[in-house]
Amino acid sequence: MEKPVVILIFTTVIMSLECLVQSDASTHRYKSGDEVPFYVNKVGPFSNPSETYAYFDLPFCQPDNLEKKKESFGEALNGDRLTFAPYKLEFLVDKDAKVICKKRLTKEEVAQFRTDVALDYYVQMYYDDLPIWVFLGKVEKDGIDDPNEYRYHIYTFYQFEIYYHKDHVIEILVRVDPSFTVDVTNDEEVDVEFLYTVVWKETNTPFEKRMDKYTSSSSLPHHLEIHWFSILNSCVTIFILMSWMGAIYLRVLRKDIYNLAQDEEFSDKQEETGWKSLHGDVFRYPKCKYLLSSALGCGTQMLAVVVVILCLGVLGVFQQYDRGVLPTALVTIYAITSAVAGFSAVSFYHQLEGSNSQRVLLLTGGIFSCPLLLTFFFLNTVAFNYGSTATLPLGTIVVILLLWVLLALPSLVLGAISGKRIRSEFQAPCHTTKCPREVPPQRWYRRVITQMAMAGLLSFAVIYIQLYYIFASVWGHRIYTIYSILFVVFILLLITTALVSIAMTYIQLAAEDHEWWWRSFLCGGSTGLCLFGYSIYYYFSRSDMNGFMQTSFFFGYMACVSYGVFLMLGTVGFRACLLSVRLLYGCIKCE
């Protein structure tokens, strides 16, 4: 038991050190003439955020000694490939028309530049850990109707404007001079000269607030109004659900429970119909209880991961441009919370009088991670064939596998052992009869597909507005930093999922259908299916993403995310229904 604890502490320390190293690079103080860390990172089409390539994959000027920064685990996950820039921007040193290099572009290099300009390629760089973006070139379309006659130009003159406060770098801006371009329209050799200028200006902005400009767009009044409208919309949905359920309780359930709670002679005269007739079958164990237990265990783990990530975000642990901190946290927290999955799955399985806990343990460990790993290896192969920086290096893959073997699996086994030892009896207020009751034929609106669609859409309405901002941040270039609002919306989503699942379960029990176990899980998790449906709509209607690689990354990872949401909200829906059914049948006298 000591080894997993040591591994957990070691991993936490490593993660903390990585965060400190990244933030430490931003707090360097400089003197006049000191060299400030300046890295070129990656290039790629603006519309395809996953399709990125190393800066020097394009025929830019390369220094004599091409030196790469040793990337951290999080930077590798993030697809960063930092290389020392050919530009020299010493602290407080102005430069005027400094030449980087002069070179002659071959026909192949000209064609490559033209293709990339047509695809709106951008260049990303980091100066003292401050991000910089600039487009590679421009396309002249004014007054030209025929696309074949468009003119393509690359920018060759960058103007750096850097703001400082005392001995800190505060802000950096980069502009291009439209009069310094090279025409790459025709496949012919071209002479090109790359230049840059540097101008330093003083500012009163303190170092602690230098990142505010990157996150201020998320806090603009009109954006906040939309976020609060989203929360208000969610609250209205919850209020309607609670009012409906309150009306059902006051008008129907309260009367039934009162009559059934009378003395036995009075109860014997009552004809049992609807949900009241199911007291001998409602707690009959479901089919494939080992699969349900594994799904509940993995769903509980997903819930723990999301809650921890959101709490860290609210506490300000994640900054938008702390390279790789969020991916590192996701991988580490997922590995650690495997203990939660093992404990939840095995303990519930033994409550259902299961005897093959090894099968449940294996299924719990692979029910989500196996599809995720298969998707990852497929996408990594696609990225490798494209030569993209999204390809994870072999060393990073080894680290992930070690985390799985040395942290996730021991945590899973430790949680399973604890769940087996701390197991308790299943709490059922009613005795289960030996012979199962036959389920009567159900009308179309009471079937599982219809109820899943209704439940999924109601819960999806709570997060619909927030999803656009999240997608625009993950699959675009917008910035999302309001974790507090996201946390509130997430809580409202959990409440809505629980209420909708309870309502659908009551409708099912009222129709004398006692097989509610799996249906409550499916109704709760159906929001994940709606999420994947929204991703299809977003890809084709709200984004300009294209190409096989970007399409594979988008739908591959969105399928995994939607599946994780399905397991998480399915667990919430089932747990809420189990509690409500216990309370409902605990209020009546049953033989």
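Each residue, glycine too, has its Cβ placed from N, Cα and C.
Heads up, TrEMBL stuff is auto-annotated, nobody curated it.
Checked against TrEMBL, the range among 141-165, 516-540 recorded as transmembrane segment is 516-540. Contacts between the transmembrane segment (391-417) and the transmembrane segment (360-379): present, as 3 or more C-beta pairs lie under 8 angstroms, all at sequence separation of six or more. For the transmembrane segment (324-348), the partner stretch with the most Cβ pairs below 8 Å, chosen from 290-318, 452-471, 483-504, is 290-318. The recorded stretches the transmembrane segment (452-471) and the transmembrane segment (483-504) share 3+ CB pairs below 8 A when only pairs 6 or more apart in sequence are counted, and are therefore in contact. At the 8 Å Cβ cutoff, the transmembrane segment (516-540) and the transmembrane segment (290-318) share at least 3 close pairs (sequence separation 6 or more) and count as touching.
Where the transmembrane segment (552-574) meets the stretches 290-318, 360-379, 483-504, the count of C-beta pairs under 8 angstroms peaks at 290-318.
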